[in-house]
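As recorded in TrEMBL, the features of this protein are as follows:
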| type | residues | note |
| --- | --- | --- |
| BINDING | 235, 266, 289, 367 | L-serine binding site |
| BINDING | 266, 267, 268, 282, 283, 284, 285 | ATP binding site |
| DOMAIN | 142-424 | domain 'Aminoacyl-transfer RNA synthetases class-II family profile' |
| SITE | 369 | site 'Important for serine binding' |
């Protein structure tokens, strides 16, 4: 959420800059003027409330003086009671005005960076660079087929137990998944990141401060029970953001680099038919997330943004996964992002790994998925397949007990691999 001072000209704010950012997002520009008016209304009520509180202090002092002087203070006492009543009413007005202001403020997007391509069609995302060559040999298998041939996951029984897109990882599937997690954490630790394993669920009020409102219905699973409702996390970014909530951080402590590890849970609402076979787009998965805090001054956050992207590129180079870096068009940015890159693995099935920066007023928060492991497994399988199995990337072998190759076990993929979908 943008700092309201950015809408106040007298405080050095520049509402025209915010209007232009909204235009670039193809979003509602009129919201800026609504916020300005609501802010004025809230500040006026707050000014009136402060005046009532000042009057009460004066009345209290006068009552004390009269009582010491043994004079009649009944009139002042009556005025104090009236003041209390008016103050309570004004406090309610202030609360209501602030809620109205914040309800509009929170749906205005972050300021779009000048380098972001301005367009409302993701087909026009700008390819920044690419690395490696996409395999084009005949008879290559896709990740859905490879998972079954290798016997590293059971999707049928997973769906029977958990519903659509449920799965069990088995044998080398488990080892490969854990190898990616351990390699990712080791990789980031060597680059100055501190590993953090986060809670898997968050209180509703805390989640509301760390996730966009649209995520509640589209992504998040709600957990109900005794006490407060909670939400399962969709990414380690959410609890890592909450970890620093309301903290005061000395400039000398910045930048802060965290490597968040967690299981993640997403409804994936609206994604029916989009890569829903296999383990590519599932409801439960593991991630290693880069999460950094920088100074808001100068170019610190943009330099960190590029550093995090380089980390992701170097990670996939070491896994020998060809990719392209894409700058996402302005109209497709989520409200929290000022700029966003996708690192897209070049496989038989296109997939994206996101790197977003999320700016706050006091420090800047940046997050970038280093690996969503199940999706990365799909890319590894497709890019390292051989006639009789899959070669394990060299950097993962030490994390798999020295194993270098996973042979095919099932030579006849089921019909489900060819396109049948499990029910949700």
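Using N, Cα and C of the backbone, Cβ positions are placed for all residues, glycine too.
Mapped onto this structure are the features recorded in TrEMBL.
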residue : record                              : CB count, 10 Å
235     : L-serine binding site               : 25
266     : L-serine binding site               : 20
267     : ATP binding site                    : 17
268     : ATP binding site                    : 19
282     : ATP binding site                    : 23
283     : ATP binding site                    : 18
284     : ATP binding site                    : 16
285     : ATP binding site                    : 22
289     : L-serine binding site               : 25
369     : site 'Important for serine binding' : 25
Cα distance (Å, whole number) from residue 266 (L-serine binding site) to residue 282 (ATP binding site): 8
Distance [Cα-Cα, Å, rounded] between residue 267 (ATP binding site) and residue 367 (L-serine binding site): 21
Between residue 285 (ATP binding site) and residue 266 (L-serine binding site): CA-CA distance (Å): 9
Cβ-Cβ neighbours of residue 367 (L-serine binding site) (radius 10 Å): 24
Spatial neighbour of residue 284 (ATP binding site) that is closest, considering only the recorded positions 235, 367, 369 and their CA atoms: 235
Whole-number Å value for how far residue 268 (ATP binding site) lies from residue 367 (L-serine binding site) (Cα to Cα): 20
Candidate binding-site residues 235, 285, 289, pick with smallest Cα gap to residue 369 (site 'Important for serine binding'): 289
Span of 235, 266, 289, 367 around L-serine - largest C-alpha separation, Å: 18
Residues close to ATP site centre defined by 266, 267, 268, 282, 283, 284, 285, Cβ within 8 Å: 165, 264, 265, 281
